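Visitor: Just lifted these from Swiss-Prot, have a look:
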- 65-72: intramembrane segment (INTRAMEM)
- 73-77: intramembrane segment (INTRAMEM)
- 78-98: intramembrane segment (INTRAMEM)
- 1-13: topological domain 'Cytoplasmic' (TOPO_DOM)
- 41-64: topological domain 'Periplasmic' (TOPO_DOM)
- 99-111: topological domain 'Cytoplasmic' (TOPO_DOM)
- 133-154: topological domain 'Periplasmic' (TOPO_DOM)
- 201-214: topological domain 'Periplasmic' (TOPO_DOM)
- 236-267: topological domain 'Cytoplasmic' (TOPO_DOM)
- 287-307: topological domain 'Periplasmic' (TOPO_DOM)
- 330-360: topological domain 'Cytoplasmic' (TOPO_DOM)
- 386-393: topological domain 'Periplasmic' (TOPO_DOM)
- 415-429: topological domain 'Cytoplasmic' (TOPO_DOM)
- 14-40: transmembrane segment (TRANSMEM)
- 65-98: transmembrane segment (TRANSMEM)
- 112-132: transmembrane segment (TRANSMEM)
- 155-178: transmembrane segment (TRANSMEM)
- 182-200: transmembrane segment (TRANSMEM)
- 215-235: transmembrane segment (TRANSMEM)
- 268-286: transmembrane segment (TRANSMEM)
- 308-329: transmembrane segment (TRANSMEM)
- 361-385: transmembrane segment (TRANSMEM)
- 394-414: transmembrane segment (TRANSMEM)
């Protein structure tokens, strides 16, 4: 940590990246206080108290509290996350997109990114329409309308405002990725979660103060939070090292001995992405179903609330699926085996070619299984604890995993930058 702080002060380029990222965060937080035109803030606040502890509250966490205040950034970057999921699935399913992503290089990546933005626009429009039609007819418990003039003009302005806010956030995310430190979309979600920490701590303290959370439960929560953070750091940093052997070679009269190294594969290569993807998918039906005022639909909507058996089952299923899916996107055993063969390297005790592919597949599948199991436990246990002990849902494994995971990924990128900087200075000498 001290090395990173020292580098921020000493290296001008890294300092500029850090300042640029902070500036983007400031713009994001300023926009988080600009409400949608036509909303009565007090009536909205009273109305949304009924949704505390629901999936709506979880979405509000990911949006940095913007959804609960219905600001211009109410949708956050979740439409972009949802569009990215759809695009990756389409890339696997449609051969032309698959060729574009794998064979066209920078141009292919540019086009895939462009299609993702168009899809984001569509998803954001649908979600903003849903919010506009839902909120315009709502009233607070005191009978005060949430929307002062719920006409067609309110719907149009709300849709335009929310879509523009989401696309602006996507632009900010791209700028952070390009000119700042870390992954822009992940950092925006990270910033939103961290911004809500003070309110969550205050709410938690109030429950302790009033006796809603007893001493034993408090100790259990603290122990759980520490265990989750330690477990996340351990699994995110742990890796399986596959031994690699390079044969000896002769150059002229000089004989070079073979050397040994290793191929590092993360225990959880997918990181926090499966959790974010699973949440993004579950939030869509949960949000849409809550918009419909119908007794039968309400029963179905309750099945999609955190803590419900059906919700937990789908949550774990999506986490496992996206862990396998995203790891398959990141790590291709066939390509790894081909690259080893081209470099003249081999795995001791394993024949090159198909045997190497099968060996790598076996190891990767074991790692994926452990990673999926870990993510499921981290995501599910805090939800169950929050339901059993009536603890604020904010202190969940999902938020902890995202915060710790994004922080580790960002520090890793800084470390990579420092290594590249040292290597360049060494080459110049």
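Placement of Cβ uses the backbone N, Cα and C atoms for every residue, glycine included.
Each of the listed features needs to be described in terms of its position in the shown structure.
Guide: Through the fold, the intramembrane segment (78-98) approaches residues 59, 62-63, 112, 115-117, 119-120, 122-124, 127, 166, 169-170, 173, 185, 276-277, 280-281, 283-284, 322, 325-326, 329 of its own chain, all at least 6 residues removed from its boundaries and within a Cβ separation under 8 Å.
Within the model, the topological domain 'Periplasmic' (41-64) shows a mean pLDDT value of 72, rounded to a whole number.
Distant neighbours of the topological domain 'Cytoplasmic' (99-111): 91; these residues of the same chain sit at least 6 beyond its ends, with a Cβ under 8 Å from one of its Cβ atoms.
Remote same-chain partners of the topological domain 'Cytoplasmic' (330-360), defined as residues 6 or more beyond its termini with a Cβ less than 8 Å from a stretch Cβ, comprise 242-247, 249, 263, 265, 269-270.
Beyond its flanks by at least six residues, the transmembrane segment (14-40) meets 7-8, 64-66, 69-74, 135, 140, 144-150, 154, 157-158, 161-162, 165, 168-169, 172, 175-176, 179-182, 184, 187-188, 191, 195, 414, 417-418 of its own chain at Cβ-Cβ distances under 8 Å.
Beyond the ends of the transmembrane segment (112-132), by six or more residues, the same chain brings 70, 74-75, 79-80, 82-84, 86-87, 91, 97, 100-101, 154-155, 158-159, 161-163, 166-167, 170, 287-288, 291 to within a C-beta distance below 8 angstroms of the stretch.
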Visitor: Please count the residues of the topological domain 'Periplasmic' (201-214) that DSSP assigns to helix (H, G, I), strand (E, B) and coil.
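Guide: So the counts come to 10 helix, 0 strand, 4 coil.
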Visitor: For the transmembrane segment (182-200) and the transmembrane segment (394-414), check the count of CB pairs under 8 Å (sequence separation 6 or more) and say whether it reaches 3 or more.
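Guide: Contact confirmed: at least 3 Cβ pairs fall under 8 Å.
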Visitor: Using a Cβ cut-off under 8 Å, which residues of the same chain at least 6 positions beyond either end of the transmembrane segment (361-385) come close to it?
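Guide: Distal contacts: 220-221, 224, 228, 231-232, 235, 240, 242, 265-270, 274-275, 278, 306-307, 312, 315-316, 319-320, 323-324, 327, 331, 333, 391, 393, 395-398, 400-401.
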Visitor: What are the helix, strand and coil residue counts for the topological domain 'Cytoplasmic' (330-360) according to DSSP?
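Guide: When I sort the residues of the topological domain 'Cytoplasmic' (330-360) into the three classes, I find 18 helix, 1 strand, 12 coil.
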Visitor: Return the stretch with the most CB pairs under 8 A relative to the transmembrane segment (215-235), choosing among 155-178, 308-329, 394-414.
Guide: 394-414
Visitor: Checking distant contacts: for the transmembrane segment (308-329), what same-chain residues at least six beyond its ends satisfy Cβ-Cβ under 8 A?
Guide: 55, 85, 88-89, 92, 268-270, 273-275, 277-278, 281-282, 302, 364, 367-368, 371-372, 375-376, 379-380, 383-384
Visitor: By DSSP, how many residues in the topological domain 'Periplasmic' (133-154) are helix, how many strand, and how many coil?
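Guide: Grouping H, G, I as helix and E, B as strand yields 6 helix, 3 strand, 13 coil.
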